[in-house]
Amino acid sequence: MPNWGGGKKCGVCQKTVYFAEEVQCEGNSFHKSCFLCMVCKKNLDSTTVAVHGEEIYCKSCYGKKYGPKGYGYGQGAGTLSTDKGESLGIKHEEAPGHRPTTNPNASKFAQKIGGSERCPRCSQAVYAAEKVIGAGKSWHKACFRCAKCGKGLESTTLADKDGEIYCKGCYAKNFGPKGFGFGQGAGALVHSE
């Protein structure tokens, strides 16, 4: 067919491709709207195209159609397949069921795997969405408060003693140094006898 218009023909639809809508690949021209995978119709670009003869594919479809065949091939990385290869005579042994540990002093890792951590204040399970870590333990956001005054705490504003958490003020009053000049705040002197 003669090319009277002088423009290049699209490798898919065979219509004239003008410069503003042209995509070039392997010496052929395509309309941007025609530069699609022949199988799945995904848009392609220079990093995702694979060419076979005059046909263009995304890399995934190209691999499925023209890549190596057989057990373990053609799916690509990260793809889960339920084919166990039984048609090829491959036999699989059943794995024994999971048995929980009977060790009363299981490691912290084993305790975490076995179930969720427990909040030291309310003893309920602590899930990721409500977890705050302080004093080396996981707490609910609502339970992460001073044991004396109930003030909300942050991991940088707490002090801990005997597994309980306190604000700095309550900790200083209850567990800080005692005696002349201590425990009343700045500028106050108290004589304790």
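Every residue gets a Cβ built from N, Cα and C, even glycine.
Annotated SUMO2 cross-link per Swiss-Prot: Lys91, in sequence order, evidence recorded as a large-scale study or a structure entry. Look at Swiss-Prot and you will find 10-61 tagged as domain 'LIM zinc-binding 1'. The annotation phosphoserine is assigned in Swiss-Prot to Ser81, Ser192. What Swiss-Prot lists as N6-acetyllysine is Lys84, Lys112, Lys131, Lys137, Lys161. Residues annotated as motif 'Nuclear localization signal' in Swiss-Prot, with sequence analysis given as evidence: 64-69.
Feature map: Swiss-Prot annotations on the structure.
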residue: Lys131; record: N6-acetyllysine; Cβ neighbours (10 Å): 15
residue: Lys137; record: N6-acetyllysine; Cβ neighbours (10 Å): 16
residue: Lys161; record: N6-acetyllysine; Cβ neighbours (10 Å): 12
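Each residue contributes its Cα atom, and for Lys131 (N6-acetyllysine) and Lys161 (N6-acetyllysine) those atoms are 20 Å apart. Rounded to a whole value, the Cα-Cα separation of Lys137 (N6-acetyllysine) and Lys161 (N6-acetyllysine) is 13 Å. According to DSSP, the secondary structure content of the motif 'Nuclear localization signal' (64-69) in residues is 3 helix, 0 strand, 3 coil. The DSSP secondary structure for Lys161 (N6-acetyllysine) is strand. Per-residue pLDDT, averaged over the motif 'Nuclear localization signal' (64-69), rounds to 78. Secondary structure of the domain 'LIM zinc-binding 1' (10-61) per DSSP (helix as H, G, I; strand as E, B; remaining residues coil): 9 helix, 21 strand, 22 coil.
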